[in-house]
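Report on the structure given below.
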């Protein structure tokens, strides 16, 4: 593990830090996930975004099943050290497991959440089943 990389990061009590994926060109927020120290190290080593799944209790590389990998162009750490922003190039233009560009596809309008972004590719086409 790279001590210089990790020492400034304030991982929570579960050993995780919030990781935000932002499109390097459009600046749109694509997704928010979690990283442990190993996922952060792997991200730096490979240049591709790796995360830690709280539900599956394991590290994973974005796109390992779908092919929608995230090439990291820049890593940024916030002033408190408890959140990371990755400026990324999104392979295939789809970051969300629902087949949308972004996981942030719902907009609050008139007292309700409305779906604002279209599905670019059906989940079943991406994963072979509903993810």
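Keep in mind that glycine also has a Cβ here, set from the backbone N, Cα and C atoms.
If you check Swiss-Prot, you get these features:
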BINDING   78, 80, 82  Mg(2+) binding site
BINDING   79, 96, 103  Zn(2+) binding site
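Each of the binding-site residues 80, 82 was assessed for Cβ neighbours inside 10 Å, and the highest tally belongs to 82. Remark: of the binding-site residues 79, 96, 103, the most isolated position is 79 (fewest other Cβ atoms within 10 Å of its Cβ). Taking Cβ-Cβ distances under 8 Å and a sequence separation of 6 or more, the neighbours of residue 78 (Mg(2+) binding site) in its chain are 84, 85.
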